[in-house]
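> Pulled these features from TrEMBL for this protein:
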type     : residues      : note
DISULFID : Cys35-Cys209  : disulfide bond
DISULFID : Cys83-Cys93   : disulfide bond
DISULFID : Cys141-Cys198 : disulfide bond
DISULFID : Cys146-Cys181 : disulfide bond
SIGNAL   : 1-17          : signal peptide
Amino acid sequence: MASALAFVAVLLAAAAAATSPAAVAATTLTIQNLCPHPVWPLVTPTSGQPISDNTARLDPNSLISLAFPPTPWSGRVAARTGCDAAASPPAGCETGASPPSTVAQLSVHGGGDVATYSVSLVDGFNVPVVVSPQAVGGGQCPALGCVVDLNCDCPLGQRFSDRFSDDAACRGPPEYFKGRCPQTRTTPGDVEPVPQSCRSPGELKVIFCPPTMLTAAAAAAASDMLIRTLTP
């Protein structure tokens, strides 16, 4: 009898561990730089604790992984460019520390259970960005963002210049952004035309300057490349 009770206790403990929040696989944030120049990721929480000290420099073809907390977290990820390489934390950044900049918006609703994400051009554009969920548990998890270098064909009156370039970033307008990058949000009330319901992703990958770098003239083909839907 005692051995049977002990066996039942073991089973109950195993079941409790499997259903407890600690047993849920946490989601990882991976930031990858495929730009031909260094970037300094800026990860800013809007809800939840900080997950980065924002001092990392990513050279071309490098990445960094950060752990989301087990509690709900929301925040923004941007790419700072042209920063003072000798400063720590980064200082004097030409773009990304403030508008105009491309922003990945991420929310993980506790223990990696459900994730929502988007790429916003409401604050302008500085580098192409795509958010791609990996190792998902089910649902609809499209890759969203913009693979187009919108700086190249930015309207003259909307160009942002720095000490290196006359087209370091672009302020808009929203119609210009949306027409070339439909899988982004270009106004505060905007949403993507692709449904999203992403469950238990093991990783949210933010990619700066994804492999397909297109000019605005070729952007129509880019939107079809970014839709990837996963079903349970």
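Backbone N, Cα and C define each Cβ position, glycine as well.
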> Measure from the CA atom of Cys83 (disulfide bond) to the CA atom of Cys198 (disulfide bond) and give the result in Å, rounded to a whole number.
34
> List only the single closest residue to Cys181 (disulfide bond), chosen from the disulfide-bonded residues Cys35, Cys83, Cys93, Cys141, Cys209 by CA-CA distance.
Cys209
> Suppose we draw a 10 Å sphere around the Cβ of Cys35 (disulfide bond). How many other Cβ atoms does it contain, all chains included?
20
> Taking only the disulfide-bonded residues Cys35, Cys83, Cys93, Cys209, which one has a CA atom nearest to the CA atom of Cys146 (disulfide bond)?
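Looking at Cα distances from Cys146 (disulfide bond), the smallest one goes to Cys209.
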> For the disulfide-bonded residues Cys181, Cys198, which one has its C-beta crowded by the most other C-beta atoms within 10 angstroms?
Cys181
> Enumerate same-chain residues with a sequence separation of six or more from Cys83 (disulfide bond) and a Cβ-Cβ distance below 8 A; give 'none' if the list is empty.
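Spatial neighbours, sequence-distant, of Cys83 (disulfide bond): Pro38, Trp40, Arg57, Pro90, Ala91, Gly92, Cys93, Glu94.
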> Taking the Cβ of Cys141 (disulfide bond) as the centre, how many other Cβ atoms fall within a 10 Å radius?
25
> Over all shown protein chains, what is the count of other CB atoms within 10 A of the CB belonging to Cys93 (disulfide bond)?
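21, counting other Cβ atoms within 10 Å of Cys93 (disulfide bond).
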> Could you tell me which of these disulfide-bonded residues, Cys146, Cys209, has the fewest other Cβ atoms within 10 Å of its Cβ?
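Among the disulfide-bonded residues Cys146, Cys209, the lowest count of other Cβ atoms within 10 Å belongs to Cys209.
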> Determine, to the nearest whole angstrom, how far the Cα atom of Cys35 (disulfide bond) is from the Cα atom of Cys141 (disulfide bond).
24
> I'm trying to understand the geometry here, so how far is the Cα atom of Cys141 (disulfide bond) from the Cα atom of Cys209 (disulfide bond), in Å to the nearest whole number?
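Computed Cα spacing between Cys141 (disulfide bond) and Cys209 (disulfide bond) is 20 Å.
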